[in-house]
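According to Swiss-Prot:
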{"type": "DOMAIN", "residues": "26-258", "note": "domain 'PABS'"}
{"type": "BINDING", "residues": "Q53, D128, D157, V158, P184", "note": "S-methyl-5'-thioadenosine binding site"}
{"type": "BINDING", "residues": "H84, E108", "note": "spermidine binding site"}
{"type": "ACT_SITE", "residues": "D176", "note": "active site, proton acceptor"}
Amino acid sequence: MILKLEVGVGLKNLNGKWGLDSSKEFYWEPDVEGGYRVYKVKSVIIEHQSLYQKIDIVELETWGKSLFLDGSLQSTESDEFIYHELLVHPAMRVHPSPKRVLICGVGEGKSVREVLKYPTVKEVIGVDIDKEVVALCQKHLGKTPIDDKRVRLVYQDVAEFIKNYRGEPFDVAIVDVTDDLDGPARSVHQLDFYKRLYEILGEKATVVVQGTSAFSKVKNVGFCHIYEILKEVFPFVIPYADYIPSFSDLWTFFVALKGIKDLTPRHEIPRDLKYYDEYTNERIFTLAKPLREKLGV
């Protein structure tokens, strides 16, 4: 159950600006339109303050086990596969032979799960600033193959990792950091980050970036901001979008290409996907008129 309430309505039991109320029956998430989205809580799994952010894992009546970071919903067990399949597979299929993959933002490890479905993959480096998020998600939200022999995890600020990286170039990079422009991932949403990322890619490479909400007024600034930055660095930047049920929003992504000139799929779709297929791949790149107008495409 999700309720949308104006600020100040029913807040007497809320201990802070967001999160669980004192009864532990509802979780309050600030809505960018000025109100709140309120979720009915079935059980509280863990509340934890890391060095970087507040981590809440709760079981919601509607969405099941869900991850909140600093009061913002990140993922639910009911539909995480929609988000992660949309994030990973368009970029992976475009590259002719993705062997080395960089994942910026490991989180629950679901992107690692999707990447390893491609037999060409030899190495995955996953970078996340918050080791505790990764550990708690593995414990409470289901194991993912982050301990596969092809996977190496680095717990560091993503921008610092990119800046200091001197290893073999990457074929695919997946940028899946939190969508606020002022939180732990603020160093990623910068022109210098993507310029340096471009330098550590191979001659032929694909990059996918989660582009935040398409229509919500505040986060839309991030959507346009990211697109403008990517256009300054990559010769081809293609936006796409789809509806994420638990977000109650149209969510955007960008594929950026280096040394590849089109989105022609070069790999078959992995067999065990739940959402993404050929029809979906065609549909998501057909943006609604308001989005095309905002991006000038």
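Positions of Cβ are set from backbone N, Cα and C atoms, glycine also.
A map of Swiss-Prot features onto the structure.
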| residue | record | CB count, 10 Å |
| --- | --- | --- |
| Q53 | S-methyl-5'-thioadenosine binding site | 20 |
| H84 | spermidine binding site | 25 |
| E108 | spermidine binding site | 24 |
| D128 | S-methyl-5'-thioadenosine binding site | 25 |
| D157 | S-methyl-5'-thioadenosine binding site | 16 |
| V158 | S-methyl-5'-thioadenosine binding site | 25 |
| D176 | active site, proton acceptor | 24 |
- Candidates H84, E108, D176 (recorded positions); nearest Cα to D157 (S-methyl-5'-thioadenosine binding site) turns out to be D176
- Query: How far is it from D176 (active site, proton acceptor) to D128 (S-methyl-5'-thioadenosine binding site), counting Cα to Cα, in Å?
  - Reply: 10
